[in-house]
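First up is the structure itself, then whatever we jot down about it.
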Amino acid sequence: KLPGGSPVLGYLTAGILIGPYGLSIIRNVHATKAIAEFGVVFLLFNIGLELSVERLSSMKKYVFGLGSAQVLVTAAVVGLVAHIVCGQPGPAAIVIGNGLALSSTAVVLQVLQERGESTSRHGRATFSVLLFQDLAVVVLLILIPLISPNSSKGGIGFYAIAEALGLAAVKALVAISAIIAGGRLLLRPIYKQIAEMQNAEIFSANTLLVILGTSLLTARAGLSMALGAFLAGLLLAETEFSLQVESDIAPYRGLLLGLFFMTVGMSIDPKLLVSNFPIVMGSLGLLIAGKTVLVAVVGRLFGVSLISAIRVGLLLAPGGEFAFVAFGEAVNQGIMTPQLSSLLFLVVGISMALTPWLAAGGQLIASRFELQDVRSLLPDESETDDLQGHIIICGFGRVGQIIAQLLSERLIPFVALDVRSDRVSIGRALDLPVYFGDAGSREYFPNVKTFVRAHDVDHGLNLEKAGATAVVPETLEPSLQLASAVLAQAKLPMSEIAAAINEFRSRHLSELTELSEISGSSLGYGFSRIMSKPKSSSDSLSDDNQISEGTLAI
């Protein structure tokens with residue numbers, strides 16, 4: 001209910017209350033974290049389900065370019081500040097720099113999803129950087145034992161580091177290759193076999209096995225469990241079972257992710273905050289301001305617009321959950337004192353809690369400072385050069401906005417064009433790829449498939465003759481929905497309403513099909529003839545629960 005707030009804040013607060021620094025209902029935070037980590041695993045699996053290999057490949061410039069630059073630049077600057085200004089030894093400065101360069105995959109992605117910004121320009125760039133950070137944390141965890149004063153390999157030797165990183169790269173490559181090859185060969189036939197059993201429990205159990213199995217495989221290879229789950233989701237996204245799988249894991253993801261946020265809250269010590277308030281607040285301010293500036297500068301170098309780069313910076317500015325792992329391991333290796341790690345835990349935990357407000361602040365900046373003249377509404381090449389296989393929405397009115405929302409929810413890339421600057425401004429304020437332009441221009445690419453709506457039958461036939469791939473009547477479905485509401489108010493049974501609506505639709509489409517055949521049109525007003533072809537006698541009434549293709553279940 002808080003302005004700019006998020007349910008994440010509620011989980012964090014609950015964690016503070018029930019944790020060892022609050023009411024001490026839960027004292028063993030380490031054991032709780034072992035379970036809670038699966039919340040991030042399920043979240044990344046779900047993200048993978050909403051993507052595809054093709055869409056991911058279109059983001060490679062941001063993943064490996066922007067992602068690697070952000071981690072390296074931020075780690076170097078923060079590490080130098082820790083070493084020169086704060087007087088930390090070299091190994092501790094390296095761990096602090098790399099640990100604070102990472103951001104919270106769980107919190108940031110959850111906030112982006114809640115705000116509907118996952119497919120926006122800054123949302124795609126943010127996700128790409130977080131994906132690279134999941135890979136970078138592996139390097140950090142390998143480095144920590146090697147730079148420890150207790151290291152048996154003689155400290156920070158170049159040969160020791162190169163040997164360890166080379167071995168880790170080989171293991172990671174083998175694990176990722178095994179998951180991709182095995183997934184493409186086995187997932188579809190296994191799920192098809194299970195689906196034929198029509199047993200929901202076995203289907204759900206198989207999904208859990210896939211998630212936990214791939215997570216375990218990448219964990220054994222030295223990678224994060226979340227990366228394995230992401231790859232599994234990515235592979236399942238290519239199958240026809242992805243929607244059911246997504247529905248099955250939703251309860252697990254929600255519960256475990258909530259538990260994860262609560263364990264972050266359990267790491268925040270309010271007493272330590274009070275006793276070290278100036279130091280904590282100063283460090284927090286430097287972390288957020290410094291990372292925002294660094295990420296924004298790096299983003300501009302990779303073609304992200306200034307406002308979007310600032311929004312990416314604000315989202316990535318807080319620390320992340322991997323900092324807890326890295327700093328804890330540094331204490332175990334004698335690199336860092338427990339007192340310093342406790343202060344850093346506090347700074348990272350509070351910064352994660354600020355993420356929803358930082359996201360809201362980014363939107364406020366965009367609405368206040370982005371220019372509203374027509375030139376600012378034209379696309380920059382750098383803003384769209386990562387798009388592949390995307391949809392072009394011609395017109396961003398009421399219908400175009402609904403289509404854009406549906407595409408955004410499935411993370412399908414799109415670009416919208418409109419000649420009205422007020423509509424373009426609305427889209428740009430939401431950081432959607434909406435630009436000023438005339439899609440009816442003769443310079444428009446002529447061979448692209450087009451899906452259009454028609455005012456009436458004559459208009460629809462003319463559009464099909466002009467080469468439209470599919471034509472949809474703009475009055476048919478609204479009229480049928482309005483009629484069904486009226487019939488429901490007249491107390492007709494829902495089964496009778498559905499039958500009447502479907503009968504009218506079928507009759508109307510059959511008439512349109514005849515008209516299109518007479519006129520030489522090929523698609524029958526946008527609907528394939530398979531929708532109106534008669535059933536064979538062997539098919540009729542074979543299953544009372546089946547709905548014939550082309551009908552609407554109300």
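Placement of Cβ uses the backbone N, Cα and C atoms for every residue, glycine included.
So that you can see what the record holds, here are the features copied from TrEMBL:
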type     : residues : note
COMPBIAS : 545-554  : compositional bias 'Polar residues'
DOMAIN   : 7-359    : domain 'Cation/H+ exchanger transmembrane'
REGION   : 533-554  : region 'Disordered'
TRANSMEM : 7-26     : transmembrane segment
TRANSMEM : 63-85    : transmembrane segment
TRANSMEM : 91-112   : transmembrane segment
TRANSMEM : 124-147  : transmembrane segment
TRANSMEM : 159-187  : transmembrane segment
TRANSMEM : 208-237  : transmembrane segment
TRANSMEM : 249-268  : transmembrane segment
TRANSMEM : 280-302  : transmembrane segment
TRANSMEM : 308-328  : transmembrane segment
TRANSMEM : 340-359  : transmembrane segment
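The listed stretches are 7-26, 63-85, 124-147, 280-302; of these, 124-147 has the most Cβ pairs under 8 Å to the transmembrane segment (208-237).
Sequence-remote contacts of a segment are chain residues at least 6 beyond its ends whose Cβ falls under 8 Å from one of its Cβ atoms, and for the transmembrane segment (159-187) they are 138-139, 142-143, 146, 151, 153, 210, 214, 217-218, 220-223, 228, 231-232, 235-236, 238-239. Contact count against the transmembrane segment (249-268) (Cβ pairs under 8 Å) is highest for 7-26, out of 7-26, 63-85, 91-112, 280-302, 308-328. Residues 61-62, 65-66, 69-70, 73-74, 77-78, 81, 100-101, 125, 129, 272-273, 308-310, 312-314, 316-319, 343, 346-347, 350-351, 354, 358, 382 of the same chain lie 6+ residues outside the transmembrane segment (280-302) yet bring a C-beta within less than 8 angstroms of a C-beta in it.
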